[in-house]
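TrEMBL annotations:
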type	residues	note
DOMAIN	32-127	domain 'CopC'
DOMAIN	311-402	domain 'Copper resistance protein D'
TRANSMEM	143-166	transmembrane segment
TRANSMEM	187-208	transmembrane segment
TRANSMEM	220-239	transmembrane segment
TRANSMEM	246-264	transmembrane segment
TRANSMEM	270-297	transmembrane segment
TRANSMEM	317-339	transmembrane segment
TRANSMEM	351-371	transmembrane segment
TRANSMEM	383-403	transmembrane segment
Amino acid sequence: MTTRLRWAAAALGMLIAMAVLGLGTAGTAVAHPTLLFTDPAADTAVPVAPQAITLVFNEAVTIGADAIVLLDKNGRTVPTGPATTERGGQALTARPAAPLPPGSYTVRWRATGTDGDLVEEEFRFGVGYALTAAAPGASGASIAWLSVALRWLLFAGFAIGFGGLIAQRFTATVRAENPKLPAPRSLIAGALVVALAAAAGLAAQVVVDAGRLDVLWRDGSGAVVLVEVAGLAAALAVLAMRRRAWALLPLLAVVGAEGWRSHAHTAAGVWGAVLTAVHLAAAATWVGALVAATLAVLAWRREPAAVRWVITGYMRLAVWTFAVVVGTGVVSALLLLPLSQMFSTDYGRVLVIKLSLVAGSATLALTGRYIQRSDTRIAKLATVIRAESLTLVAVLALSATLVSTPPVKAAAQPAPPEPTGPVLPLGALAGQIGVAVTASDGQLVVRLSAPRRGDYYAAQPDRHYTLSGRYGRPDGTEAALRFRGCGQGCFVAHPVWGDGDNVLSLAAGADDAKGGAVSLLVPWPTLPGADDLGRAVAATRAAGKLTVYESVTSDSATGAGEPTPLDLSAEFFISQEPFQAATAPLAVRLSGGSGATRLALGYPAASISVLLTLDRAGRITDEILTDPSHLVTRRIVYPDHD
């Protein structure tokens, strides 16, 4: 080859190399802009209305009219201020003209990249309900005072009616011996009416909190109140037919229902329910018999023999009811409350006051027994027995308070029922508390976990968690969530999900970690997602090289900061993920949204939840991973992302 030919070949080679390099450079320079992150985050919800909607891109963009359009769940435009760019054109922001009410929203955006092409996409987010998170160290064993008042009326009315029916035996015996004695005033019917009204109030409270009527027969707490209403109504009907003795039978249903809903039943199963039922029946007999005896003493106060007969009958009844009340009460207290927390918790302090009043009632009863032996002192008996009655009424008020106060022990609480149908796993971070959510048909289970303190391998003390919640259905209705404990950090409620995006808001707290409020979108219904996950992992692994923009936080209140770009091989990226084997214990495909395929994965044993978004090629483009102490957000960009 001549020198001229060699130079020509070299020049041609350089031209080809420059062309290749130029094409490569041009390909990089004119690629479409990639949306990295949004605030609020896509496919999530926020507990309070955002003041601004922000989009962050991997390069500078320019905008025109309608750069950001906000739509409500019905597709109507929500007014916003003009969109502006920040951070050298890499951030796009628009502010809603007014605070957004709770619900789901869609953001449609358009921006022009450096290549001059217009890019249009959309994402959705939800606005939840403003809930106040319990402060660190605050006790979650709060007292529901409205329930206390209603249950006090229920217990007092039931006791006067139930015990009065039993006590009528010895008052009837006295009148049989002396027919000239006037009939004592009876409070049985009026007391049962009050109890029925209180039970109806509790039923209304359950319906209002749940936001639906069928909670009365679909939920355990609702069914208990419904049984109580039916039992009291039946007892009143029997009384109206002048079958007073038979009225005790439907009232036993009330005793059984209260035993079933008791803390002892939660802690010890059926035996706990029986224990509470016996305790309530004995206490009601004691109180009701005392009230009946008081009315008889007042009516026959000028007949010492009749008064002595009534008091003797009452005292015989009170001896064994007192023994049963004290015995079952002590066993229940030991079952529900450690002795070390007797004075340090609301439940323990109320229990101590109740026991003190029971002891006072016993002292007054013994005093009455002493007085009735002497004709000269018997005039004072009415005062003593009236004081005993008032003391026992106060005991009933404290019993209602205890029923409405969560006990300290939660380890013995029963696990949530097995879910029906598909299970949707979701995760979030509320302050420093990890929130693992599993939603299924008619059920919501929330498990809270706070960071471990000190030696990771050392035994950790029991933590006390608090949780409150509210949810809104796609049709605009909303309701509070009535959680019950299912173990340490475990809570279960029974919402009725609507078809579409449900907005779930939770406020979590712990005694040694900072809590917070968080909201989630719960799309319903869901579809099986195991096959989609397998295809997504295979498609992502085959991508070769990719760039991951990652942000991490261990406290949702401080935010995640600026994303960090990481150039990785697709194989390495997949190998670091919990779904590296293309499987997950829980994997569902989500409905709703803008049409992009989204997968929700759950790893319950590790308390890990993953939300994935796939592109048209089936590859993973977005990932939100939540574990007990971290919230990780990743945006995956491929070389051919344009």
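Here the Cβ of each residue, glycine as well, is placed from N, Cα and C on the backbone.
Just so you know, TrEMBL annotations are computer predictions that nobody has curated.
Across 143-166, 187-208, 220-239, 246-264, stretch 143-166 shows the highest tally of CB pairs under 8 A with the transmembrane segment (270-297). Summarised by DSSP class, the composition of the domain 'CopC' (32-127) is 3 helix, 49 strand, 44 coil. Below 8 angstroms of C-beta separation, residues 158, 161-162, 165-166, 195, 220-221, 224-225, 227-228, 230-232, 234-236, 238-239, 272-277, 280-281, 284, 332, 335-336, 403, 406-407 of the same chain, each at least six residues beyond the ends of the transmembrane segment (246-264), sit close to that stretch. Along the domain 'CopC' (32-127), the predicted structure has mean pLDDT 85.
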